[in-house]
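Structure first, then comments.
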Amino acid sequence: MPRGRGGGGGGRKGGRRQFTNFEAESEKKEREEKEARWRAQRGEADSDEESGSGESGSESEESSEEEGEAKAPKPKGVSGLIEQRNPNRTGVKENRKVTDLPEGGVKVELSRREREEIKKQQYVKLQEECKTDQARADLERLAIIRARRAEAEAKRKEEMEAKEAANVAKKETLPKVGPKKKS
């Protein structure tokens, strides 16, 4: 049989395509909702609604959702008969906020990173207040450096003043020499 763009369906290339008609779908849903309301008024229950299968109106969906929360799904196969426990599977972990925890005797355990961050912040605070050995040593070194700089500045000033005094004395001791006269 030749392959190609034949007009037939059957899973071949170029088969007949079906498009969804959204207007028809919405009309169908409206009809089903009206029918479900009418049955609810009469007190009748549809077999589809009782079993929970199939599509029905929004009212029955809401009630089935409420029932679904209360009922656990039935186990399939042998899993209902044999209790299995996987040690590698972890339970659902709840993410709680600090504000949700009760105030009082409950001790909150912090993670390692949180503990390290708190210790680091406390150390920085002590550093700023100069209460650590390292901060005291830094202050001592800073005081020594400032003293050395002050001594160096004073020495430079003395040298500059000595040079200026030497220049002034030199000018006074040398005779004034004027322009040479031509003879």
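The backbone N, Cα and C atoms fix where each Cβ goes, and this holds for glycine too.
Worth saying up front: this structure is predicted, and the values here are computed from it rather than measured.
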Looking at the candidate ranges 106-131, 158-183, report the one that TrEMBL labels region 'Disordered'.
158-183
Could you put numbers on the helix, strand and coil content of the domain 'Casein kinase substrate phosphoprotein PP28' (86-161), residue by residue per DSSP?
49 helix, 0 strand, 27 coil
